[in-house]
Structures are given as structure tokens and as C-alpha cells.
Amino acid sequence: MNPYIEILRPTNALMAFIAVLLMAIIGHTYNYEIILGSLCVFIATGSGNTINDYYDYEIDRINAPNRPIPSGKIELKRALYYSLILFLVSIILGFIISLENGIVVILCTILMIIYAYDLKQRCFIGNLCVAILTGLTFVFGGLITKDVNLGFILGFFAFLMTLSREIIKDIEDIEGDKKEDAHTLPIIYGTKKAVMLAVILNIITCILSPLLYYYNIFSIVYLIIIIIADIIFVYSAYLAVQNQSKESMHKISKYMKIGMLIAFVSFAMGAL
């Protein structure tokens, strides 16, 4: 894969892209603003991932030496310039859609830069930032489809799922984070307590998920599909309690990403 594509972490950026498309499907809104919005959040997420890799250069030499910057595929300064250009493009796209969307993109851009520079290494605050940014993609889509309330509801579920997964990723990266004197949740409070918080968040998500059917937001199709996602989240929680090794956390993180994608599919199918 081209390193300039790889550094965007296209899989993660694609999830943001899908979030906006989901709001279009749910709201039965199909116009050029949706296309621009999906592209906007993809680029914004990719630029956030790039600036994050720029500031994480030293940590990634330990945790992820094959990433574009530590592997030497992209020079450090070029990564910075690349991210700033992408940020600018995403902001322009946001304002083309609407003033409100443009403001959201600017706020998210500021948050992503502050997160990468400082907040990521602060206990739990960094996790909250990533989860908030993920949730805001649905709000962003809701602004386009004129259904902000639903955007906030789905954004809340995305927030819970992302927050749990971010804690798992911190446990996976604990070795490199310790060497860089980061103050992540598992470093400050221990791996077991961090796992328990991730598990609790997973359980809360599973318990609340049927409410979207109960309150007639989505159809029975949603309930059938979300059960699959819930099973994956429960299984991930079980694995996390059993084994906190780097390899296990990496596997659990992947399982949870699959669970999130299935949950997103349930949103779309439940609205048809």
C-alpha cells in the first residue's frame, strides 16, 4: 500500500465515511452534500491519524515500527505538511456543505491536533477525545440530513463502543507508552482496572442497544443484527478478562472493530 494512503489508516477513516452514509440511508437523504460530507470526514479522520503518527514517532518506533514514519517511508516533516493540507481540505469541504458543518470540522480539527500533541498521553482524557470525535461523525451527518437528534443518539452509541476499544488499545500499547512516560489509564490504574472499565462500557452498550428498537427508532431487523454485534462485544469482554497480553488485546481490538461495523450495518438495515 502507498505509504501516504497507509498513514491515513483508511480502515478507520472508512468507518467515519460510513457513519455519514448511514445517516443518509436512515434519513433517506441522497444529495451531493452527503457525498461531500462522507469525503470530508474521511479526509478529516485521515489527517487526524497522520498528525497523530507525527507526534507518536518515538512511541511508534517501539509499538508500531512498520508504520510509514518510523519505517522511513515518509519523512517526519512531510507527514506534518501532509496532515495540515488534509485538514485544510476537510475544512473547506465542511463549509461548502454548510456553515454549521464547517464549524464542526474546525472544532474537530482543533481537538484532533490538541489530542495528538498533548491529550493522548493524559489519563482517560485522550480516550474520551477519540470517542467524542467518533460520535460527532454521526452528528455531522445529522446536520446534513436535518436529523441532529438521531445523530446524537447514534453518536452516543458510537461513543461508548469507541471508548471501550480505545482503552483496550491503550492496554495493547502499554509497553511503548511506559517508555515514553505516557499517563494512560492502564499505566496509572493498572491493566486489570482498565479492562474492567472497558468491559463495563461494553455491557452498558449491549444493555442499551435494544432501546433503539423498543422506542421504534429502528425495525426488528435492527434488533436481529445488533444481537450479533452484542455477542461479539460480550465475547471480547470475556477474552479481555481472561488474557491481557499484547497479542490478546490486539485480537480483541480487531473483534471490537468488527462488532462496531456490524452495529453500523444494523442502524442502516433497521431504518429500511
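Cβ coordinates come from backbone N, Cα and C, glycine included.
Annotated features in Swiss-Prot:
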- 16-36: transmembrane segment (TRANSMEM)
- 79-99: transmembrane segment (TRANSMEM)
- 100-120: transmembrane segment (TRANSMEM)
- 124-144: transmembrane segment (TRANSMEM)
- 148-168: transmembrane segment (TRANSMEM)
- 194-214: transmembrane segment (TRANSMEM)
- 217-237: transmembrane segment (TRANSMEM)
- 252-272: transmembrane segment (TRANSMEM)
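Listed as Cβ neighbours of the transmembrane segment (16-36) (distance under 8 Å, sequence separation of 6 or more from its ends, same chain) are residues 42, 44-45, 93, 96-98, 134, 137-138, 140-142, 144-147, 150-151, 154, 158, 261, 264, 267-268, 271-272. Ranked by the number of CB pairs under 8 Å to the transmembrane segment (252-272), the listed stretches 79-99, 148-168, 194-214 are led by 148-168.
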